[in-house]
Amino acid sequence: MEKSEKGNGVAPATRSPMALMGSSRNENQEVNTGMRTAETMLRLVPMALGVAALVVMLKNSQSNDFGSVSYSDLGAFRYLVHANGICAGYSLLSAIIAAVPRPSTMPRAWTFFLLDQILTYIILGAAAVSTEVLYLANKGDSAITWSAACGTFAGFCHKATIAVVITFVAVICYAVLSLVSSYRLFTKFDAPVNYPSKTIEATVFHG
């Protein structure tokens, strides 16, 4: 009876399916942790920007020989303050929720998607309206005999411009967040399906 001789070479060790599953699971956890950290930081950035714009505008007032002016005298700037406050609060709350390691569910994904969209339009509207007021304050409007005010209250206009620029940077951050939340929603979950309504079939009686 002949015995087959094996070479001295060592055969490569094969990994069991359980080991492969564990390795891929660890890699997925690392990727999810990195994405969660990145999203948390991205949500904290507009919070800092909103607080900065809010503080600059709240302290924006000027008095001179021609009179006094404050942000509270203009509805657009009051809206800017309120919008930045709301967005800063939402950014902090959403960052805390995003930092908690939880499985992604459809209700959570839809909530982030809708709120990100709403807050983006709120802060964009505040920045746009305030920009229009700043334009009128710098250029005036001869049609309604509105003279330029920034020549008289240059310091007030300068601070208002800084607050508006910061707000527009926050708008960019919210636009990116909206893209992230929409991508996460529509790549992981199917869109709602509209089922066709049941049609009532009429019975035809033949005479």
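In case you wondered, yes, glycine gets a Cβ from its N, Cα and C as well.
Where the annotation comes from TrEMBL, it is an automatic prediction and has not been curated.
Note that the structure is a prediction, hence the values are computed from the model and not measured.
Per TrEMBL, these features apply:
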TRANSMEM  41-59  transmembrane segment
TRANSMEM  79-100  transmembrane segment
TRANSMEM  112-137  transmembrane segment
TRANSMEM  160-180  transmembrane segment
Most Cβ pairs under 8 Å with the transmembrane segment (112-137), selected from 41-59, 79-100, 160-180: 160-180
For the transmembrane segment (79-100), sequence-distant contacts whose Cβ falls under 8 Å of one of its Cβ atoms, 6 or more beyond its ends: 36-37, 39-40, 43-47, 50-51, 53-54, 57-58, 71, 112, 115, 119, 122-123, 125-127, 129-130, 163-164, 167, 170, 174
